[in-house]
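**Student:** According to TrEMBL, the protein carries these features:
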- A:53-76: region 'Disordered' (REGION)
- A:Cys348, A:Cys407, A:Cys410: [4Fe-4S] cluster binding site (BINDING)
Amino acid sequence: MTGKTLYDKIWDAHLVDCAEDGTSLLYIDRHLVHEVTSPQAFEGLRMSGRTVRKPGNTIAVPDHNVPTTEGREAGIENEESRIQVEALDRNAREFGIHYYPVSDVRQGIVHIIGPEQGWTLPGMTVVCGDSHTATHGAFGALAHGIGTSEVEHVLATQTLIQTKSKNMKVEITGKLAPGVTAKDITLSVIGHTGTAGGTGYVIEYCGEAIRALSMEGRMTVCNMAIEGGARAGLIAPDETTFAYVRGRPHAPKGAQWEAALAWWKTLQSDEDAHWDKVVTLKGEDIAPVVTWGTSPEDVLPITANVPDPSDFTGGKVGAARRSLDYMGLEPGQKLSDIEIDTVFIGSCTNGRIEDLRAAARILEGKKIKVKRAMVVPGSGLVRAQAEEEGLADIFRQAGFEWRMAGCSMCLAMNPDQLAPGERCAATSNRNFEGRQGRGGRTHLMSPAMAAAAAVTGHLTDVRELMQPQAEPA
Amino acid sequence: MEKFTTLHGIAAPLPLINVDTDMIIPKQFLKTIKREGLGVNLFDEMRYDDDGNEIPGFVLNQPAYRDAEILIAGDNFGCGSSREHAPWAIKDFGIRCIVAPSFADIFYNNCFKNGILPIALPQEQVDKLMADAEKGANARMTVDLERQEITTSEGEVIAFEVDAFRKHCLMEGLDDIGLTMEKSAAIDSYESRAAQSRPWV
């Protein structure tokens with residue numbers, strides 16, 4: 001008998017029912033909820049007289065709409081945003097689920113506070129009405145985004161109707177070079193496989209370069225599994241994972257910790273497991289990268305030039321032409337010559353403490369040469385820690401706005417938006433047309449690369465700004 | 001949920017790959033707490049200029065396609081966010097069927113929850129349907145879910161695959177939650193087992 005992958009093992013451990021055609025009912029351990037994709041689901045419950053089956057395993061936080069300026073407790077100016085956040089307040093209270101309101105220091109982006117509070121644990125199933133739920137896969141939890149109908153389904157039944165995905169292994173061998181980070185790994189993988197390369201699969205990331213990443217870095221890698229089309233990304237738990245989880249408010253304690261740990265240690269793909277697809281990249285070959293187009297697959301090393309649409313084939317020729325037109329770029333232009341107006345550091349991809357440290361290392365003692373730059377910590381606790389470590393001062397002295405926690409300019413549902421034609425170096429996850437504001441132009445990159453662009457005013461190879469003796473980022 | 005059995009209507013061609021959920025329904029329209037009324041903002045940034053005027057060249061603004069009920073599109077349709085506002089907007093506009101070489105996973109699931117039939121076909125067949133759609137309003141296609149067939153305006157029949165359970169739910173207009181509630185004994189028994197094996201959850 002062939003062995004099982006980590007995905008197979010978590011799937012089997014959560015199977016409630018399986019029909020002959022493979023349609024399965026999967027048990028959900030943690031349900032995370034935010035204000036944008038949940039109001040219609042709660043309304044649906046109300047209309048059909050249903051309740052939340054496991055309120056204790058359901059965690060809500062407003063993050064997409066919230067302003068990130070200080071003094072925001074006074075209320076949200078935009079009426080629709082305010083109504084949406086108020087609806088979440090009301091629903092959380094009415095249905096008795098865990099809730100972190102805007103006024104709570106623990107408030108933040110749902111995918112940052114879930115792990116931070118110890119809600120996310122290895123071997124769990126985690127869902128949220130948000131595609132970046134893939135983030136939680138960094139703990140060896142099966143985590144993926146769902147639509148609002150499915151949010152209602154999970155609220156009512158604590159299960160999800162699923163068909164099993166195929167298994168894909170993405171191995172990153174060797175070591176990363178200095179200046180190369182988790183963001184460069186995940187973007188490079190998408191550049192390699194394309195945004196539909198993972199469709200129908202759950203990805204397990206493995207290999208020496210993945211093992212060497214911190215939990216923060218692993219979350220960055222898994223966060224963008226969805227941008228590669230995969231339902232979820234996974235990294236098998238190890239000592240790094242256990243060390244991160246231990247002592248978190250909702251992590252098991254005492255004898256339960258020992259029991260949990262014993263099971264978590266079995267959560268690895270077997271040697272003889274079957275993989276439907278395998279992708280291998282050498283860590284040494286990965287460079288600091290940026291995106292040039294309007295799809296996350298439009299990835300190139302910072303040392304490259306803007307491609308010519310005619311270099312592509314099929315539908316990508318027209319798509320690349322449309323992208324360059326939208327982005328205001330010419331084929332052959334050096335990527336490092338592209339001037340930047342705005343820098344955004346934050347999001348569920350790169351709004352954690354390690355991301356802020358990496359950016360601050362580049363910014364220390366320098367001033368920004370862009371029109372505006374903002375750093376939006378992923379949670380109130382990340383913000384507090386960064387203040388304690390002196391990072392906030394480095395950002396402020398460099399000319400960055402130091403903001404409160406939220407999704408902010410990653411998707412521009414709150415007032416943090418790009419103007420038409422404004423060009424942004426962003427640490428977020430999507431460079432789609434209009435994503436950060438109508439007509440806004442987004443280049444995705446790592447926090448260190450975004451910081452480098454901030455101090456030079458153009459896309460920049462961060463390695464040029466690093467001290468020779470500097471530690472690898 | 002509204003049933004889907006057969007559909008005879010106008011197909012609009014949208015020959016773009018990677019049509020993402022931000023294109024389908026930009027974020028400013030996600031602030032609603034309702035499911036209805038999003039059709040007017042479907043493809044908002046491609047459909048209207050900065051002043052809110054219709055952009056005449058966009059397919060759904062053209063007289064022939066204003067009443068389209070089928071959309072023919074490029075690879076990886078619906079990539080990006082999990083926002084169900086995307087299928088809600090499509091449905092609210094009046095489109096009940098989308099044909100593309102491939103779909104993003106979450107969007108594909110969301111369609112079935114809203115009475116929309118997404119059909120994945122090989123590129124050559126999508127090309128054929130795209131050419132048929134480009135003929136305009138007089139060239140109507142028929143989508144027959146029961147027989148799993150699309151018939152072009154020329155009478156050519158193209159077969160498609162669909163998961164049997166999803167087909168059943170779509171044809172009967174079944175509510176998933178109601179179906180799952182019938183299995184509550186199995187959920188109860190799973191929960192008691194899990195309370196023993198994984199008490200920390």
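The backbone N, Cα and C atoms fix where each Cβ goes, glycine too.
Because TrEMBL annotations are produced automatically, they should be read as predictions rather than curated entries.
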**Student:** Which numbers of helix, strand and coil residues does DSSP report for the region 'Disordered' (A:53-76)?
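**Tutor:** Helix (H, G, I), strand (E, B), coil: 6 helix, 3 strand, 15 coil.
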**Student:** With every protein chain in view, what's the tally of Cβ atoms within 10 Å of the Cβ of A:Cys407 ([4Fe-4S] cluster binding site), excluding that atom itself?
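**Tutor:** Other Cβ atoms found within 10 Å: 32.
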**Student:** Going by DSSP, give the three-state secondary structure for A:Cys348 ([4Fe-4S] cluster binding site).
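**Tutor:** For A:Cys348 ([4Fe-4S] cluster binding site) - judged by DSSP and reduced to three states - the answer is helix.
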**Student:** Give me the non-local Cβ neighbours of A:Cys410 ([4Fe-4S] cluster binding site): same chain, 6+ apart in sequence, Cβ-Cβ under 8 Å, ordered along the sequence.
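**Tutor:** Looking at Cβ-Cβ distances below 8 Å from A:Cys410 ([4Fe-4S] cluster binding site), excluding near sequence neighbours, one finds A:Phe344, A:Gly346, A:Ser347, A:Cys348, A:Thr349, A:Ala426, A:Ser428, A:Asn429, A:Arg430, A:Gln436.
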**Student:** Quick check: with A:Cys348, A:Cys407, A:Cys410 left out, which same-chain residues have Cβ atoms within 8 Å of the centroid of the [4Fe-4S] cluster site Cβ atoms?
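**Tutor:** Close Cβ neighbours, site residues excluded: A:Asp63, A:His64, A:Ile109, A:His111, A:His132, A:Gly346, A:Ser347, A:Thr349, A:Gly351, A:Gly378, A:Gly406, A:Ser408, A:Leu411, A:Ser428, A:Asn429.
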**Student:** Going by DSSP, is A:Cys407 ([4Fe-4S] cluster binding site) part of a helix, a strand, or coil?
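**Tutor:** DSSP assigns A:Cys407 ([4Fe-4S] cluster binding site) to coil.
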**Student:** State the count of C-beta atoms found within 10 angstroms of the C-beta of A:Cys348 ([4Fe-4S] cluster binding site), not counting that atom itself.
**Tutor:** 27
